[in-house]
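Here TrEMBL flags 1-23 as signal peptide. Taken from TrEMBL, the feature transmembrane segment covers 105-123, 135-155, 167-189, 201-219, 225-244, 256-278, 284-301.
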Amino acid sequence: MAGRTARLMLLAGAAALASGSQGDREPVYRDCVLGCEERNCSGGALKHFRSRQPIYMSLAGWTCRDDCKYECMWVTVGLYLQEGHDVPQFHGKWPFSRFLFFQEPASAVASFLNGLASLVMLCRYRTSVPASSPMYPTCVAFAWVSLNAWFWSTVFHTRDTDLTEKMDYFCASAVILHSIYLCCVRTVGLQRPTVASTFRVVLLLMLTAHVSYLSLVRFDYGYNLVANVAIGLANLVWWLTWCLRNQRLPHVHKCMAVVLLLQGLSLLELLDFPPLFWVLDAHAIWHISTIPVHVLFFSFLEDDSLYLLKESEAKLKLD
């Protein structure tokens, strides 16, 4: 919901800086990388590097050049701190201490835990809610779309490449669009299935056009940001409006809490500071804080689906 929009805003801001940040513009950093590559990344030196590189690093795609950038990043950070300057960013990111093959350990683990929470709640939903519930197929589909997004978020924070970045962006967009579709089905589609079906086709076409443009024409971070923020805000307003109009439902407070919490927690993304212990930055803290929010939202979907099932069964008895 709104949390994925906030995350996209941070990613877009970081990506816009990726072509050149203060740290990687420093001559000392560039000279260090160039010298390291000349010494270690060709001929016999490259063979030696590969022979001593742990297998998990090579499987994760870490190259000699990547290793040079990592080592030179810390050389530059050390010089900055020694001279009393603020810690710089490199290629749009703060310097993170690598753990095994994890490039951003805290965010990767938090993304994995978000995915795990979604999986546990999906299993609970499928156990508790009969498939005959009107919202069952839509809620299960939303859970799988969310799981896929958290998988790619984990992969992206483990290893940042062009492919993993794009998959993280595209899957986050899919979650936002599916969330607004979920809201459409709940508020309109149960009474007017044709409207929900038409809206689903429109959203699929939007996602296809969005991904095609960013993949085949130009990966425009500014456009991606505007598009996702617009859909995310519409999603937020739609859910909140529904909550306010249905306060009589005993479980609606869960949905309202999710909407407000995600909006409030998204402010964490504005706290851009160097990672604590070179591991924990604002983005990782935001990822950690969303874990219980996902549990609460799936709890709402479970309660709401059971309520709708009970309501539909009561109507059948009256008929």
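Glycine is treated like the rest: Cβ placed from N, Cα and C.
When the stretches 201-219, 256-278, 284-301 are ranked by Cβ pairs under 8 Å to the transmembrane segment (105-123), first place goes to 284-301. Between the transmembrane segment (225-244) and the stretches 135-155, 167-189, 201-219, 284-301, Cβ pairs under 8 Å are most numerous for 167-189.
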